[in-house]
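Asks: Have a look at this one.
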């Protein structure tokens, strides 16, 4: 990853003054590149910093143009936790994200395995349908789905309409896992088959251990998707604040606290923080996943 | 085993394939095929969710295209986002990707910092930007005014709300950065060395070595960017709600698009028609327009020769 597109060594002139100019040019380039890097870093980091600083301001100061808190009000975070519903939203989000992720992985792995390693008529068609489902925004089918969950099954006001479908494979996860499984050489699978392993045993004993990074990436993406989902809870849970998730409930802070940007920003930090913490623990798997989706299969 | 005939073996292997695919086959039927057909059906029905649906012919379609006041503004906004936001995102993503491949000291730290905003949950990121860019006390406008630059109204000004959304989208460039970074590191180094020996300038090396090598990834970024721009939902909706000061809760009616329809996108219309106006039929018409546009661009992604996502082996 740290490989650099620098001047190849054989091009560096051999005479001493020429080498000095080359080295100076190299240094100037280093300075230019890293100044740009710092400028870009400021652009990416300053929004976090301002949000964090404002979340620690007093009520009156949050309404001013100050950038730095006069007194550091750590109690703001306590107030956020004391807001009615906040802990419930936290619990709901964990259920939605946790259960949803587990169901997605269990249901998507066999499908991805079949698409990557079985030969059968219609395989390309199936893959194209998976990609189409992946690109389909949830709003396209939401009217019949809402009527199905709410009117026929009476499940509106809960998160079940969002969790149950994950037991039936998630298109994005299937696609990403399939991309990953394609990178596992067929010889491993064939060897297991020759040794008399059934397909299920081949999958569990041979393929899954090798597919751990892919599964980790899928699990992370799915967890983040559920954590970030706004439209789903808006459709199915909005009528019942007891079923709201953090992403959906967060917005109500601005309403409940009117212009109290400090508490709203403290709540914002609390919604962002877990995702970023999870990322730090699983950075490699995540970045690998992002790359895989953009790489040819 | 010897007693198994070829036909029996085939049957067994077909059953096995079906078993492995079964979760998705059920999901495809129940959560994709059925609702899609149902959406087409409802688009020709007058249905408010209370009285039984009645056949209404093409009435929903003419209503959406000629009388529904939000449809054309939403389509115009989408076009704006496709042209401006997608172009800027691809250019910026490529720029940041190139920058990160050139940074030699602290690469890991820079990469993480550049990537972090992509992880911010959309609602939280939008709330943060609604605060940062709020015209009254927001830090951005405070700094701009200190520098003597006229400060725009951002999410409160119809002319500036889409640029503000674009800024938010540029902040979350991490996904493109990683994809471009991987592509740039895959460019064969010998080609740069050869170009350098031929005395190619930095621009010429970019134009004739880098760009041809990464053009499939650029195409991928453009097409997925267009799809994302069409499907943009959470950010414009939340930005509009927060900026307009609508209090969320049961029964809160927020006409999407604040300020002055400038942040409307097609997915918001499905919500507006279906869940605020209880006109399920017309909501399905918009849903089908969204479907057609999404699938047209997805087909571009899967084109065999383009090779963006290849279905074959």
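Glycine is no exception: its Cβ is also placed from the backbone N, Cα and C atoms.
Pasting the relevant annotations from TrEMBL:
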- A:27-53: transmembrane segment (TRANSMEM)
- A:90-282: domain 'ABC transmembrane type-1' (DOMAIN)
- A:94-115: transmembrane segment (TRANSMEM)
- A:127-147: transmembrane segment (TRANSMEM)
- A:159-181: transmembrane segment (TRANSMEM)
- A:202-224: transmembrane segment (TRANSMEM)
- A:261-282: transmembrane segment (TRANSMEM)
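Could you tell me the structural context for the features on the list?
Replies: Long-range contacts of the transmembrane segment (A:159-181) within the same chain: residues 92, 95-96, 99-101, 103-109, 111-113, 115-117, 127, 130-131, 133-134, 136, 145, 149-150, 153, 207, 211, 213-215, 217-218, 221-222, 226, 229, 232-233, 235-237, 243, 245, 289, 292-293, 295, 297, each at least 6 residues beyond the stretch ends and with a Cβ under 8 Å from a Cβ of the stretch.
Here the transmembrane segment (A:261-282) has long-range neighbours at 48, 51-52, 54-59, 61-63, 73, 76-77, 79-80, 83, 86, 216, 220, 223-224, 227-228, 246-247, 250, 253-254, meaning same-chain residues at least 6 beyond its ends whose C-beta is under 8 angstroms from one of its own.
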Asks: Is the transmembrane segment (A:127-147) packed against any residues at least 6 beyond its ends, judged by a Cβ distance under 8 Å, and which are they?
Replies: 115, 156, 161, 171-172, 174-175, 178, 231-232, 235-236
Asks: Residues of the same chain, at least six outside the transmembrane segment (A:27-53), with any C-beta under 8 angstroms of its C-beta?
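Replies: Same-chain residues near the transmembrane segment (A:27-53) but 6 or more away: 67-69, 265, 268-269, 272.
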